[in-house]
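Before any comments, here is the structure.
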Amino acid sequence: MLYVSGRCTILLIELPHLVMGDCVLTGGDVCITGHDSGPVFEEQPSSVVYPEGLSEGKVTLNCQARASPAATYSWRVNGTDVPVGDPRYTLVAGNLVISGPQFVRDAGSYQCLAINRCGTILSRAANLKFGYLHDFPGEGRSPQTAYEGAGAFLACQPPAHYPALSYRWFVSEFPSFMKPDGGRWFVSQVTGNLYLAKAEPNDTASYFCFTTINMDISTKSTFSKANQLTVQPDANARKSAPAIKVGFPAETYALTGHTTQLECFAYGNPVPKLRWRKVDGLLPSKAGASAEGPILTLPEMTFHEEGVYECEAYNSEGRDTQQGRITVQAQPEWLQVMSDSEVEISSELHWTCVAAGKPRPSIRWLRNGQPLSTQDRVEVNGGRLKVINLALEDSGMYQCVAENKHGTIYSNAELRVQVQVPDFRSNPVRRLVPAARGGQVMMECRPRAAPKPTLFWSRGTELLTNSSRVTVTPDGMLRIHNISRADEGKYTCFAENYLGKANSTGHLSVRDATKITLAPSNADINQGENVTLQCHASHDPTMDLTFTWALNGALLDLEDPGGTYHRVEGKEIVGDLLIVSGQLSQAGTYSCTAQTVVDSASASAKLVVRGPPGPPGGLVVKNVAATSVELRWSRGYDNHSPIGKYVIMGHSLLSPGWKRMRTDPSNIEGNAESTRVFGLLPWMDYEFQVIASNILGSGEPSMSSHTVRTQQAAPTVAPSGLGGGGGDRNELIITWTPMAREYQNGDGFGYILAFRKQNSPTWVVERVSNVESSRYVYSNQSLSPYCLFEVKIKAYNRKGEGPFSQIAVVHSAEEEPTVAPSRINATALTAFEMQVSWDPIQHLSTNGVLQGYEIRYWRQHEREASADRVRTAGLETTARVVGLRPSTRYHVTVMAYNSAGTGPASARTTVTTRRPPPNRPPGNVSWKTDGSWVTVRWDHVKTLDNESAVLGYKVLYKHEGQSALKVLDKGKTSVTLPLPKDNGYVVLEIRSWGEGGDGAAQETIVSRDSGETWTDWSLSGNWNHAAIQPSHN
């Protein structure tokens, strides 16, 4: 029985599943080809960390799929169906909402199933985990003691938690968090412990470990009880070489695309510096600044970063190192997946999935969300799935699943098994098939049918069989060779399977053949020249003719107006090609093709482009010495012009730009394939290139050689910048400029210092093993202050010692002055300043160099310890001190100073500053112009009892950046001044003056034309004086 509805024709026979026409029957639901589609995930659930004990919240696991008809959804937890009827679980579209999540009931692995009548797919797993951070124990912590100059650590001992914590420490009270201190402190993000490279007395305090946990919807923090640290002072703290106390594992596993961190921290005095290197290669540049810090950070890991890494801690006393390997692994990643397939009934299905990953992923298969294994007609072999003798029930959604310990990935595809009567409606035989006389034609026969139909052809009533000119292939293709006019006519394809028959007819039309009448000729040009390649053709006049050009088989774009290739405009039968500014890359075989819809004809020609030579190849470095290497290479293409010479380019680690190298011979002939490069620096990394040239120019450089390091040699130059001086008593400080990398010539580098007292026959020799050292301190209790030493320095490395530098003269540390200035005198100049004078001390050059004098002053009711201080910049014996308070009694002392400090204080003297000037400006200012003059008047300023008397007035005259000052006695309260010749204005500032200094100012703006007066009461204070400004303690 047949049931017909729209496009669907369903054959009702006793089969459980059947496809007819465009419909698939599956358990009563129909999946319609071309209309329906199986589910495809657009959003899948992600893992969630939910705060434990938060009972009022909700967790939403997302799941959305694209499908037609729309998908329905169900969920599994730990492989068991989620009871959606339970009021704690709600489905919103495909999303699962869990209300009041609890660890005991809800923790687990969740998966979503999307279902429609075409099949079922299973989502990736999402883990619901519960995060927690308990409080630190309530009992106190044992106090810790450290010694000045030694290392120490405080243990965090974090409470139980999930997931991982981040750690900080604060001092004394929240939130005084620890800040970087020149690398002395380090907080491990692995253990949470606080480490101190070198303890100092001011480190004595209470410390608290502060831990934070980050979850998807909240953050929680807690901190420990106080960790009391006491640092015992030690005036003679010993220096010590670095000792690494925070290390990293011997084997660290990293994941591609993720960030990896290694920790390293060392005790030592002085505080050690840190640097990282990759033992078996170059340290990745992505490490950035972390390459010199306690945490090496490598973001976006790749397999190239795998290898052995070393942390080195170093100071002036020595070094310590630790090594460990990073092994990079990877989550699964698809290299090949299956795709949706429509396959006829009774045929075979072959699908392959290939995934990369480390460890190697295992692969399993699902059909409609259920595991698929080898049985009956199904064969599963890792990433290969084979199903033979396909039946309708094999239709559905298939999933390939690749997984290793780092993750799981899914690939989906839909399989539709079809059964259909032959049908040409969607793909009939072409109605008109043109063909060229003498050529060949192919006519396709591709009906829709399942199972595969039997196909045959006829011309009229004649059944076509294979012959010398006619071939019918098993897949229904009809081929006719050496076509003539007699082959024109109607051709019919017949298709038949056990469900029925169908046919389709087309007409073969025979046309004249296309021929090349003028073929392109070979050409030879220099680089940059133009050339035209000709190509003419004849063709059947009833059809259009087009020309295409190809270079070495690759089709050329002739439509780009800015391109190199252009079609020459002309008749339809002319297809000439213009090449503009020919380049070396455009040499080769050019093919012209004249084409109609039925046939084509082609002709070729070769274009030779002459130009500079190509890059030499096979560059290798041989016989590496300290200052020279040998290079060998093979000749590159001469590009049809003989090579005349070669030049060698190179660059080192310190000079990234390429430069021409010195060679032997200096001129390298064009037939050479080796040379010696000399004048190199020892123990330096170099790369080299070779450039060939001919009469047409220089070519591209060769590929760079591999990086080569020259052999080591003893240093050849001495360090520069030798000097020193200063320091504490009984010390001799010697300084120099550290040797640059290019002068070190080898590893195991350091410095040899030699010094002696002037006129002493014996040199003291000391070694400094750190390449970055620039300072050496020699301490000796018998060392006299400011004693003259001769010093010299040289460098050494593993290969030997270099030359000594020129001798430099350096003094040992100075001694503070031992004599106080005498005859101290302090005089009040105003209410705000005083002048101090004294007799100089008798300067004794044997103890140091006198740099100047320090004045200390303090108010009568204050302690001397709170005194303000000013210093002279030279050996002057007078100084003005400003910024004082009016009507105030001050104590003053003077002492000499040098680089070692200040000497004893002089006898104390006292001075009282004057009463302050009036703080009111002159009032009732008025002015009157008379031609080119202006007369300004004001009221006399009256003083109060606590103010100094007015002795006169000062008038400051300002115009266009110029100023003049007039000082009047107290009997005058007016002044006549010139006006500018132009129509501008002048600014006048009028203030009183007296023993206490200058009073507040009245500003007046005077204009020749306006006849108005403006006043500004905001100015006050004193005229500026050059004076020493105090620096407050």
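Every residue gets a Cβ built from N, Cα and C, even glycine.
Taken from TrEMBL, the feature signal peptide covers 1-21. Taken from TrEMBL, the feature domain 'Ig-like' applies to 39-129, 137-224, 242-327, 332-416, 422-509, 514-608. Residues or ranges marked as domain 'Fibronectin type-III' by TrEMBL: 615-713, 718-815, 820-916, 918-1013. According to TrEMBL, the feature region 'Disordered' maps to 901-928.
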- Task: Answer yes if the domain 'Ig-like' (39-129) and the domain 'Ig-like' (332-416) have at least three CB pairs under 8 Å among residue pairs 6 or more apart in sequence, and no otherwise.
- Result: yes
Margin query: Taking contact to mean 3 or more CB pairs closer than 8 A (sequence separation of 6 or more), are the domain 'Ig-like' (242-327) and the domain 'Fibronectin type-III' (615-713) in contact?
Written below: no
DSSP puts the residues of the domain 'Fibronectin type-III' (718-815) at 3 helix, 41 strand, 54 coil
Over the domain 'Ig-like' (332-416) the mean pLDDT stands at 95
DSSP assigns the residues of the domain 'Ig-like' (514-608) as 3 helix, 46 strand, 46 coil
In DSSP terms, the domain 'Ig-like' (332-416) comprises 3 helix, 55 strand, 27 coil
